[in-house]
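For reference, the structure is listed below as structure tokens.
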Amino acid sequence: LKKRKVNILNHPGEHAGSNDANARRKYGVRGNFRDSDGELIALKNYMDAQYFGEIGIGTPPQKFTVIFDTGSSNLWVPSSKCYFSVACLFHSKYRSTDSTTYKKNGKSAAIQYGTGSISGFFSQDSVKLGDLLVKEQDFIEATKEPGITFLAAKFDGILGLGFQEISVGDAVPVWYTMLNQGLVQEPVFSFWLNRNADEQEGGELVFGGVDPNHFKGEHTYVPVTQKGYWQFEMGDVLIGDKTTGFCASGCAAIADSGTSLLAGTTTIVTQINQAIGAAGVMSQQCKSLVDQYGKSMIEMLLSEEQPEKICSQMKLCSFDGSHDTSMIIESVVDKSKGKSSGLPMRCVPCARWVVWMQNQIRQNETEENIINYVDKLCERLPSPMGESAVDCSSLSSMPNIAFTVGGKTFNLSPEQYVLKVGEGATAQCISGFTAMDVAPPHGPLWILGDVFMGQYHTVFDYGNLRVGFAEAA
């Protein structure tokens, strides 16, 4: 791991809230960044699905490969006391008896991730990242890694770069300790993820700066709206140049380096699946209900001033479909700004149809075309958190998918949002979009994982509590 000088961008002057001001006072940071040294951590790229780097824990350092995860806040590695989990047999394990700087804690801990979990206990020791030595850092020794999630993983553990608000056990995150000990001059870190898995350089994480070699133009910054995750407000999602009609009034989004794909609401992912020909899960119940109630819903949409009440009036709230977020349904009559539907969770599949139908009505489609369109969308309903396959030979005919962030449109081409596994006749193509529905008040929510961050160099600006995106280079 080499260290080289990286520049700090001069950020435009912005009004800083109390949290920003407190951060600057605490770390002695001025409003604008200045040139300084940043610590560069080289990352390895495994099939565009996992990006990991090396750290050392203890004295002398015991080496571990970790995912640097902006979607969580704890550091954990397998423990030498992990006796009964098969996953521990295939990964490096921390031995406290081999470290002269180890301090016992012993407090139990457990973390649940989207696709797996770990449990163990807290310990304290030094953590080495490149040339930076973080002293007296609390971390978790994992003694249980159930299931197969971590068994085949190319990494040993996870180093969280989220906020302390979501830290299990309220442990101080490594990034916070790094700042408190004055190891970096500026409270900012940045990611470049190389999407060419064949190249030797898989990517890089820079603590305390940004690398100008890996982005073009200026970063577009958006404020963090909820500390915990690196969460911000995102605007409309476009398929081609057409709105999906769901996030036009705003959706929450999280920049998450620990998630491989783009995860979003079933409502939009279904529309994307239909547009790119992804093979989703057929829902016969969805199709039969649309055939039965579709025409009546269209008639009510054309006349009803409060479309959010249509589903309950039609007694469709008993339909128990896949989990979804609260819907934002916009009136077709006055095209007023979207309001929260207020529908209970079981009503959401019906509300999803309302959104789809409204989009078609706006495009002056006929009743027959609207019914056929929604019927086809039923066939494309994805499995929650499931992957969808696409035809590798059809990429040239697929549309761009775009996200609106900070008033700017960030495009993804089919070559960028489709993951190709293998070569030649045996190649398989996986859609980079997966369904993940979050209940209010936290939803509707998108997770912009490596598929997005690989195309857009990402700056996590803790001092000003904002996230920045620029075209990667």
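Just so it is clear, glycine is given a Cβ too, placed from its N, Cα and C backbone atoms.
Annotated features in Swiss-Prot:
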type     : residues      : note
DOMAIN   : 51-470        : domain 'Peptidase A1'
ACT_SITE : Asp69         : active site
DISULFID : Cys82-Cys88   : disulfide bond
DISULFID : Cys247-Cys251 : disulfide bond
ACT_SITE : Asp256        : active site
DOMAIN   : 281-384       : domain 'Saposin B-type'
DISULFID : Cys286-Cys378 : disulfide bond
DISULFID : Cys311-Cys350 : disulfide bond
DISULFID : Cys317-Cys347 : disulfide bond
CARBOHYD : Asn364        : N-linked glycosylation site
DISULFID : Cys392-Cys429 : disulfide bond
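Positions of Swiss-Prot features highlighted on the structure.
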{"residue": "Asp69", "record": "active site", "DSSP (3 states)": "strand"}
{"residue": "Cys82", "record": "disulfide bond", "DSSP (3 states)": "coil"}
{"residue": "Cys88", "record": "disulfide bond", "DSSP (3 states)": "helix"}
{"residue": "Cys251", "record": "disulfide bond", "DSSP (3 states)": "strand"}
{"residue": "Asp256", "record": "active site", "DSSP (3 states)": "coil"}
{"residue": "Cys311", "record": "disulfide bond", "DSSP (3 states)": "helix"}
{"residue": "Cys350", "record": "disulfide bond", "DSSP (3 states)": "helix"}
{"residue": "Asn364", "record": "N-linked glycosylation site", "DSSP (3 states)": "coil"}
{"residue": "Cys378", "record": "disulfide bond", "DSSP (3 states)": "helix"}
{"residue": "Cys429", "record": "disulfide bond", "DSSP (3 states)": "strand"}
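By neighbour count, meaning other C-beta atoms within 10 Å, the densest spot among the disulfide-bonded residues Cys88, Cys251, Cys378, Cys392, Cys429 is Cys378. Here the CA atom of Cys350 (disulfide bond) lies 11 Å from the CA atom of Cys378 (disulfide bond). Rounded to a whole number, the distance between the Cα atoms of Cys392 (disulfide bond) and Cys311 (disulfide bond) is 39 Å.
Separation of the C-alpha atoms of Cys251 (disulfide bond) and Asp69 (active site): 22 Å, rounded to the nearest whole number. Rounded to a whole number, the distance between the Cα atoms of Asp69 (active site) and the residue listed as 'N-linked glycosylation site' is 45 Å.
Proximity note: of the listed recorded positions (Asp69, Cys88, Cys247, Cys350, Cys392, Cys429), Asp69 have a CA within 10 Å of the CA of Asp256 (active site), given in sequence order. Considering only the recorded positions Asp69, Cys247, Cys350, Cys392, Cys429, the residue whose Cα is spatially closest to the Cα of Cys88 (disulfide bond) is Asp69.
DSSP assigns Cys392 (disulfide bond) to a helix in the three-state reduction. There are 25 other Cβ atoms within 10 Å of the Cβ belonging to Asp256 (active site).
When the Cα of Cys350 (disulfide bond) is compared against those of the recorded positions Asp69, Cys247, Cys429, the shortest separation belongs to Cys247.
Of the recorded residues, Asp69 (active site) and Cys82 (disulfide bond) place their C-alpha atoms 23 Å from one another. Taking CA atoms as the reference points, Cys392 (disulfide bond) and Cys82 (disulfide bond) are 42 Å apart. Sequence-distant contacts of Cys82 (disulfide bond), defined by Cβ-Cβ distance under 8 angstroms and a gap of at least six in the same chain, are Cys88, Lys93, Gly120, Glu141, Ala142, Thr143, Lys144, Glu145.
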